[in-house]
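Student: Dropping the structure in here first, questions after.
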Amino acid sequence: MLRSVWVYSLGLAVLLQQSGREQCWEHSQCRDLSSEENILECIQACNSDLTAESPIFPGNGHLQPPSEADRNYAKSHFRSTALGRRTNGSVGSSKQAGENAALSILFAALAPPQAEEEMEESESSQQQRREDKRSYSMEHFRWGKPVGRKRRPVKVYPNGVEEESAEAYPTEMRRDLMSDLDYPLLEEVEEELGGENEVLNLQEKKDGSYKMHHFRWSRPPKDKRYGGFMKSWDERSQKPLLTLFKNVIIKDGHQKKGQ
């Protein structure tokens, strides 16, 4: 009992200090502070006056003063009724509920300035994020303004003027420089391509279709199949067999002479 009264008194003192003047004592609820219910009613009255003095912004419903129905519901909900007095088990819970209500009212009285600052900071941060997002979308896509001037690639001229920039020359002089360049003649290019074409034609005549015989999916020539072991008797060389017969005949002749 004493603990709850001290909690209520502390909350009332904080509210009076926050208000800055003795307007809370003018209420009829604050004249009699002998019971917990009167202290709770006084704290709620002071809290309602403080919230009524704070500016009301759209979208900040928690900063608006509570309605009369909400006040009555809070008073009837947290008040220790006759049912709580009759039941021994609910007495402690009603006291704890009263203390929690006083603490919640105390925190609510202290919260509005901080909540207002947090709301302002959150609104400023959200606005900054929206601006950053908009600037990114405007600069990132084609219809937005580019970040900076695009750098043009450096042009290199083969006639020794690469040290000087191309912007130093007007358009006519640049055309003259390009006309003075020694490009290979078309006849020389055709001759080089003609030599390559002759080599390709010889390869095609030698191995048949170049595309069919050059890649893996084409059949290899007969002389290269299986390493040359699958040749016919006519295609194989007859020299080893003839050399063998010759050696046998010579050996037989030497043996006959020795006999």
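Backbone N, Cα and C atoms are what each Cβ position is placed from, and that goes for glycine too.
Annotated signal peptide per Swiss-Prot: 1-22, in sequence order, evidence recorded as sequence analysis. Look at Swiss-Prot and you will find Q23 tagged as pyrrolidone carboxylic acid, backed by similarity to another entry. The disulfide bond feature in Swiss-Prot is assigned to C24-C46, C30-C42. Feature annotation from Swiss-Prot assigns region 'Disordered' to 113-142. Swiss-Prot lists 128-142 with the feature compositional bias 'Basic and acidic residues'. Positions annotated as valine amide by Swiss-Prot: V147.
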Student: Of all the disulfide-bonded residues given, C30, C42, which has the fewest Cβ neighbours within 10 Å once its own Cβ is left out?
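Tutor: Each of the disulfide-bonded residues C30, C42 was scored; lowest Cβ tally within 10 Å is C30.
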Student: Between C46 (disulfide bond) and C30 (disulfide bond), what is the CA-CA distance rounded to a whole number of Å?
Tutor: 9
Student: Return the count of C-beta atoms lying within 10 angstroms of the C-beta of C46 (disulfide bond), excluding that atom itself.
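Tutor: So the number of other Cβ atoms within 10 Å of C46 (disulfide bond) is 25.
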